[in-house]
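**Q** Let me begin by handing over the structure; questions about it come next.
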């Protein structure tokens, strides 16, 4: 789960991690009032959307008066911001962060992620802050320093100190930087984060180390033990189809193609998308109905797939283990009748009760195209949507 920058900073502040003073605003008047409360000679008006690259897209403005705050807030609220992370459709700005301006002397990058190769959390740092860290990693990987954290003992002060020296934090501010990194790590562990990223971490003219921007993502599987974090969820920032799918415990991710996919099991779902690509098609989604799907779940899965106007055909690929093929077949027939499906539908069934499942499809009287294998099914649906 993702949250907004201002929400991430609220969490960091509660852990003693230094962030600029700021207020969230939902209207132009609230933005001006927030700037008045801050009383700073310079304020920054920042669009709040779940995407990076806001500055380059014109979503971050520096205001030197209340009039400028009003002007920038009017420009940004309701604007569709397009960044390299939003896709061409962009995201509408519905809230702003009004923040005190900082006298920035130097920008750095600090981040925490789970490294799957070592099964450890890794603390990363670079003095190339304020830029895309992926770009730095690709062009000048030697400028990124890493500290691998032993889960038994957590981040040690000597590791944070070593990283601070490696990225050339001024010596008189190293202790501040160490405290900052230790606090950030505590947030990462306590809140079950998947990413904690500060870009940029800045050194200010008055000798402070603080997070000018903050990104926290959370492991959705751990949210049951973090009701406080769940309250930060902003459904407006999520794909409506993905929100609807989550109500039925369906794992759905929207993609840019035109072939809808319904599969049981994440591995098979990824293989299905791969084979569609192999035969020249483009999957419109990842959709895993899980191992214990009912007819209702199958029906809702169909509705969600069809709510995407780009979908020109559907490929159902089921291997029945716990999931029985006859249940899937009944769900497919019911869903097809209920939604009045007119698009090409290719179904490949294999496993438990497969013959019964095929019989249900054959006797349904519907135009359902059977596939003998995954490759056969992929080829058929790709040809049908061309």
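Even glycines carry a Cβ here, placed using N, Cα and C.
Checked Swiss-Prot, it gives:
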BINDING   46, 53, 54, 55, 99, 102, 107  ATP binding site
BINDING   199, 213  Mg(2+) binding site
BINDING   264, 321, 322, 323  substrate binding site
DOMAIN    9-244  domain 'ATP-grasp'
**Q** Would you mind pulling the longest C-alpha to C-alpha span across 46, 53, 54, 55, 99, 102, 107, which the record has binding ATP, in angstrom?
**A** 19
**Q** On a simple 10 Å Cβ count over all chains shown, which one of the binding-site residues 46, 54 is most densely packed?
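**A** Selected residue: 46.
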**Q** For the substrate binding residues given in the record (264, 321, 322, 323), what is the largest pairwise C-alpha separation in angstrom?
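**A** Result: 10 Å between the two most distant Cα atoms.
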**Q** When neighbour density is defined as the number of other C-beta atoms within 10 angstroms of a residue's C-beta, which of the binding-site residues 102, 322, 323 has the lowest density?
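**A** Sparsest of the binding-site residues 102, 322, 323 by Cβ contacts within 10 Å: 322.
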**Q** Could you state the whole-number distance in Å separating the C-alpha atoms of residue 46 (ATP binding site) and residue 213 (Mg(2+) binding site)?
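**A** A Cα-Cα distance of 10 Å.
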**Q** Measure from the Cβ of residue 55 (ATP binding site) and count the other Cβ atoms within 10 Å, all protein chains considered.
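**A** Residue 55 (ATP binding site) is surrounded by 14 other Cβ atoms within 10 Å.
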**Q** Between residue 99 (ATP binding site) and residue 321 (substrate binding site), how far is it from one CA atom to the other, in Å?
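**A** Pair distance, Cα basis, whole Å: 54 Å.
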**Q** List the Cα distance (Å, whole number) between residue 107 (ATP binding site) and residue 264 (substrate binding site).
**A** 46
